[in-house]
Amino acid sequence: MDEGADNKTAGPAVQSPPGGMHAVELLLLSTPARARSSSSGSSGSGSGKAPQSPLSREPTLDDASTAVEDAHRPNQHIKIQYDARFFSLKKLWRFVGPGLLVSQALLDPGNIESDISQADTSGYQLLWLLLLAHVVCIIVQSLAARLGVITGRHLAQHIRHQYPLPFAAVFWLLSELAIIGADIQEVIGTATALHILTGIPMWAGVVITAVDSFLFLYVQRLGVRVTELVFGLMITTLAVCFWIEMVLIKPPAREIFHGMFVPLIPRGSVVQAVGIVGCVLMPHNLYLHSALVGSRKLDRREETREGAVREAMRYFRIETTASLAYAYLINMSVVVVFCKAFETLRAEGVPYVASLAEGATVLSRVLGTGSKYVYAIGLLAIGQSTTMTGTLSGQFVTEGFWSIPVKPWQRVAITRGVSLVPALAVALAATAHMDLLSEIINVIQAVVLSFTIIPLLKLQAHAEVVGPEFAFGRIGRAAVAALTVAIIALNAYMAVSVIPLHSAGAYVAMVAVVAAYVLALSYVALFPLRCVQGRRVLVDHAPGPVRWLFGRARLGR
């Protein structure tokens, strides 16, 4: 899916802009101010003028590394030397990190609650769907990393550049809503863990989570490797906790393997099944992954660029696959542990509640008092780490859409103000209604994912964005189109399934909302792509308001 033979004869990588605008002027419009200043100031060292990368529209520094670089965080990048060897474990280790951070979102407290609900309603029978969801997630996240590696820019920057400002603002708002929704679940999960461990009230746990999140984010100042190590330890803590529980509870191996490889959906579990896919595919993870791969600085000289990019894509695919497979094993262990626990309690006639907050009580009844502390430690670790990755996502989204050049502590304050503070307010008011809140959050995530995945896949089908050697061919475009339609259909079904339809007015409202949703998705899928709009004669000759809608007004005519 990396290259398309039918694109080999494509025209120049950068089309002539409309209105007689020179390519240099368009480059200055599309390149962040910080990158331009880095490019202009780097010629003092090395050999003369820095070469230009025509495919990514990204100036290349004299050290042959990417120019899209944060001047306030010089220790957040790892230089990767290119060589022609096919595979090296030592080099793979230098790429390990971004996928591990992204995998945190698949294990956040909201996902653990979904695993508990799955164990209660479907038992082991949907383990195959959980596996399939993780496989699809590996594909989608690899494509997000691919976009970042090829172009040197992350998804939020591309969307802001390709779409008109009002529509990009809507993208940004929807993305922030998704991040806020994830933060709500993460904050409540962390507060729940603190309540189990210390007995403090939930509101106090929420406040503590807000404070220690600010402090914990300063781990970034120690460098990218230390940050990735901390996240790796957090996810491993969760893994160890639930694997210990799984060994102690002794689940039936035959039923586990049957559930993993025999595709069955129990009666009345369709909504639950669709929800599993929605909990694994997170829209903010696409922004995050496409940005995190920028921490690896590649050799982008003219003679090595293509080889270095292909090498990076290969290693990131391996790293992403391993990281998300690790996440699947942890999710599976959560489902298995609670399946066996619920079976035991039902056989003994003991009532129980299948929820995140009551998970510790369920395990303590089956395995003893100590098990609830093991459960709480794992929940605390993943709650803290996913709160931090949510902040990183908010940081990249805000900077990508609005190009705000701020220092790290300012960025933390801004992104926390945008995402965590509203999440705290909602969490404090809604802890008693977490089931309903989770349904609302899942619907928001589903809607935002549909709007996010289309630009991700669409951009990589155009040689003008990724270059003719990396653009999808016909088979690749057909495959990603089918994947997009399937994901959107599943998410739309999940959203509609939770809407109460008790009157004719509700049906009319739903039809109107669905129609608007389809029109908006059609716009995102078909228009605009600035670098190919010169071919859209009907748009170019349309009235001013129509040209503005399709992004033509800013470049002029």
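All residue numbers here begin at 1 and follow the chain in the order shown.
Just so you know, glycine gets a Cβ as well, placed from its N, Cα and C.
Quick look at what TrEMBL lists:
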| type | residues | note |
| --- | --- | --- |
| REGION | 1-72 | region 'Disordered' |
| TRANSMEM | 126-151 | transmembrane segment |
| TRANSMEM | 163-182 | transmembrane segment |
| TRANSMEM | 194-217 | transmembrane segment |
| TRANSMEM | 229-249 | transmembrane segment |
| TRANSMEM | 269-294 | transmembrane segment |
| TRANSMEM | 315-338 | transmembrane segment |
| TRANSMEM | 413-434 | transmembrane segment |
| TRANSMEM | 440-457 | transmembrane segment |
| TRANSMEM | 478-499 | transmembrane segment |
| TRANSMEM | 505-526 | transmembrane segment |
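Taking residue pairs at least 6 apart in sequence, the transmembrane segment (194-217) and the transmembrane segment (440-457) share fewer than three C-beta contacts under 8 angstroms.
Sequence-distant residue pairs (6 or more apart) of the transmembrane segment (126-151) and the transmembrane segment (229-249) include fewer than 3 whose Cβ atoms are under 8 Å, leaving the two stretches without contact. Between the transmembrane segment (315-338) and the stretches 163-182, 229-249, 269-294, Cβ pairs under 8 Å are most numerous for 229-249. Counting Cβ pairs under 8 Å that are 6 or more residues apart, the transmembrane segment (269-294) and the transmembrane segment (194-217) reach fewer than 3 and are not in contact. Within the chain, the transmembrane segment (478-499) has long-range Cβ neighbours (under 8 A, six or more residues past its boundaries) at 1, 136, 139-140, 143, 270-271, 274-275, 277-278, 281, 439, 442-443, 446-447, 449-450, 453-454, 457, 460-461, 472, 506, 510, 514, 517, 521.
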